[in-house]
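Engineer: Quick one: structure below, then a few questions.
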Amino acid sequence: MHHYITVLGEKILAGGQINYEEALALERVQGADLYFLSAYASKIREVYQGDRVDLCSIVSARIGGCKENCAFCSQSVHHETGTKVEVNFNKNEILKRAKTMEAAGVHRFDIVTSGKGYKLGDPEFAALLDIFKKLRKETKLQLCACLGVIGEAEARAIKDAGVTRYNHNLETAESFFPQVVSTHSYKEREKTLMAVKKVGMEVCCGGIIGMGETFAQRVEFAFALRDLGVDSTPLNVLNPILGTPLNVLNPILGTPLESKKPLSPLEVLKTIGMFRFVLPKTNIRFAGGREVNLRSLQALGLVSGINGMLTGNYLTTKGQGISEDLAMIEDLGLKY
């Protein structure tokens, strides 16, 4: 596979693109060739994205109580996870959090809410717009929003409030999506992304690997993101949560993980490399589950094609901490 990786890598570095079959063949990479794949992915990242790691942080304004049934999520009312509904629309508290992260070196700040989405006229939506306006006025952070399913009118209001990028994950390949959620469709998520693009906001769209999908479905997912022309792709690795159907540590019969094991660290690195080969000019971002799944190999993600990180805590789980993330970046000779 050494020669094959070289041919694909040079094709991309020359400005070309690989096709589905070429990306799918990367599943066969193993042994020392896996590190060669990582090295080429890192070179592609360096050429198209430079050596700066884009850092973002999130704050949850609403946790829990979601009526959707996403099988991985601790916030769904369909699962008994013990997650309680918490709402925080306190402008000053969120501003304080944003300024703390800005001072630490974070570039982007994202407000996230649970639930399917918002419509114009919703009091919570209006409150969120006010918070974004305050953040725009009192920080230099690039603002992001993750508020669920929205239409063009809501997207325009969010943009006008100062938000430059909207996150709405497709989560997985369309062929695997029905095994993950049934209360809404893949197309509905795509429709939100189209509304975001139409008003001129950047699109942040990724998902979760390790939910029981095949490598071929990860390739399918990567090409869907390429076709959509997304600007940023957060890659989460399933962090199994007790009470969810996708708890790989206690598999439930009839779920995608019934007979699956968690992805190995090397399989995660291979997947990151494949995504970089397919998406050479996209910001590919470390997100949730990296600490749990990559363990001692976490830093290798940053030399396998990653050029962005969600730092600090996640939605309902804790990250390793921003100081550790910054040290990891510096130790690899990268910038932030």
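Every residue, even glycine, has its Cβ placed from backbone N, Cα and C.
Keep in mind that TrEMBL annotations are predicted by a computer and have not been checked by a curator.
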Engineer: In TrEMBL, Cys144, Cys204 are given as binding [2Fe-2S] cluster, so which of Arg62, Arg97, Arg276, Arg285 is in that site too?
Structural biologist: Arg285
Engineer: Rounded to a whole angstrom, what is the C-alpha distance between Cys70 ([4Fe-4S] cluster binding site) and Cys204 ([2Fe-2S] cluster binding site)?
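Structural biologist: Rounded to a whole number, the Cα-Cα distance is 19 Å.
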Engineer: May I ask you to report the DSSP-based helix, strand or coil state of Cys73 ([4Fe-4S] cluster binding site)?
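Structural biologist: DSSP assigns Cys73 ([4Fe-4S] cluster binding site) to coil.
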Engineer: Rounded to the nearest Å, what's the C-alpha distance separating Cys144 ([2Fe-2S] cluster binding site) and Cys73 ([4Fe-4S] cluster binding site)? Just drop the number here, would you?
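Structural biologist: So the alpha carbons of Cys144 ([2Fe-2S] cluster binding site) and Cys73 ([4Fe-4S] cluster binding site) sit roughly 21 Å from each other.
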Engineer: Counting every protein chain present, what is the number of Cβ atoms, excluding its own, within 10 Å of the Cβ of Cys66 ([4Fe-4S] cluster binding site)?
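Structural biologist: There are 23 such Cβ atoms around Cys66 ([4Fe-4S] cluster binding site).
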